[in-house]
Amino acid sequence: MQPSLRKSSHDGLVEFNQAMADLHGFFQKPLRTDSISGAGALVVAVLGAQWGDEGKGKLVDILASEAQMCCRFNGGSNAGHTLVVGGKKYAFHLLPCGILYPKCQNVIGNGVVVHIKQLMQELEQIKSDFPDALQRLFISSRAHIVFDFHQLVDGLQEGEKLEEGVSIGTTKKGIGPTYSSKAARSGLRIGDLRYFEEFEKKYRRLLKDYQRRFSFEYDAEEELARHRQYAEVLNSRLCDNVYMLHNAMSRKEKILVEGANATMLDMDFGTYPFVTSSSTSVGGIMTGLGIPPQAIHCTIGVVKAYTTRVGEGPFPTELFDDVCRHMQEVGKEFGTTTGRRRRCGWLDIPQLKYACMVNGISSINLTKLDVLTGLKEVKICVVYLKKDGYAYPLGEYPSHHRDLSEVQCVYEVLPGWSESVKNCTSIDQLPQNAKDYIQRVEFLLSVPISWIGVGPDRLNTIRIRE
């Protein structure tokens, strides 16, 4: 809950000074190195360590049940989290996963770009099960708005690139154009809805700029009328997320930060230009929520037991054989947002080592181990070779997509397993070959594995470290 502002200036100053003193003490404490699974830490970040679709939603769901606050810091409706709670499936693109827990407050940070129509649809979807969801949702007044014409322009831009043979494989959700508007300082923020006359002028100016560039017809009046209605609903839900989160930290509340997309889609550190338009790595938490780096006690990297990606771009360990089809069919590898069939390949240690370095990963949640069941052998890429035959040092990652497309992968081959792992509740119950695979991944990355996913339900999760 946000603190009341109905106080005298003196009382407010005393409360503020005390909160800042508490927060200073909070930041001076050593990091919780004894809580790599996130179970005991106060501020926990869950980030994708590959190209997305790693299964972040399930871990976020588990941790959100104990959190007082759950936050999104980046991306928009291009992300997709599917959760199964009480046997019922929920698909979220904008709402934080903590919205499913009545005691959890939920924050959409300033780094998120919000398609309000999509947000309202998600709220309507859960209204019957969680009637107080809107009252537990707080949206940064600094978050930028995705308009329908941003999505239209996204498709037009992708069409131009496709004609030139350089398609990115965008979700066409308007994310790139909205972040472009933000960078050009012509975008509209959700806080602008409070001053609708000014909002309308800015909106028409922005739309006119895009129409001048792409020459399309558009019903501006309908979209403006819709956003006038949105303003009436959402004005009471706007917040200063920096103030809100720092107050929560001073009260030692447990805060869960959920990342959208993943490290290899990061604008700076990903496989550029085949990336998303936001910061998907740990740095995005600072800029997208206003949480300082020393406040994050535990950063969990979510890693699928094999590798997938959607859309275009280099993929060193990609497969095109029966193993790929096994991964797609058993793993149900179809995009939550686009429905596209995901590309599949073996686990990639050079890529994961890089992601662990970028994010300062405390521990790993290894997901979808069950999908590998039934394979006679499983492979792990351990080294990239350059065209001249020399190896890239582990942790150094090619920055140009052509260099990455030309690497030769060196694999370790481990024996597979045929026994089902879905009913396993401890690591001791896993087949020996599965345990060997887990231990080898942990050794190669020099990062502990704290969680293992052995099935789609949240109960199909083994915690092996605190």
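Heads up, residue numbers simply count up from 1 along the chain you see.
The backbone N, Cα and C atoms fix where each Cβ goes, glycine too.
TrEMBL lists Asp53, Glu54, Gly55, Lys56, Asn78, Ala79, Gly80, His81, Arg185, Asn261, Thr276, Arg340 as binding IMP, and of Thr170, Thr171, Thr317 the one it places in that same site is Thr171. Asp53 (Mg(2+) binding site) counts 27 other C-beta atoms within 10 Å of its own C-beta, drawing on all protein chains shown. Separation of the C-alpha atoms of Arg341 (substrate binding site) and Asp53 (Mg(2+) binding site): 12 Å, rounded to the nearest whole number. Taken residue by residue with DSSP, Thr82 (GTP binding site) is part of a strand.
Each of the binding-site residues Lys58, Arg340, Arg341, Arg342 was scored by the number of other CB atoms within 10 Å of its CB, and the largest score is that of Lys58. If you check the recorded positions Gly80, Thr171, Lys182, Arg340 against Lys58 (GTP binding site), none has a Cα inside 10 Å of its Cα. Of all the recorded positions in the list His81, Lys182, Gly339, Arg342, the shortest Cα-Cα distance to Gly55 (GTP binding site) is found for His81.
A 10 Å cutoff on Cβ-Cβ distances gives Gly55 (GTP binding site) a total of 22 other Cβ atoms nearby, all chains included.
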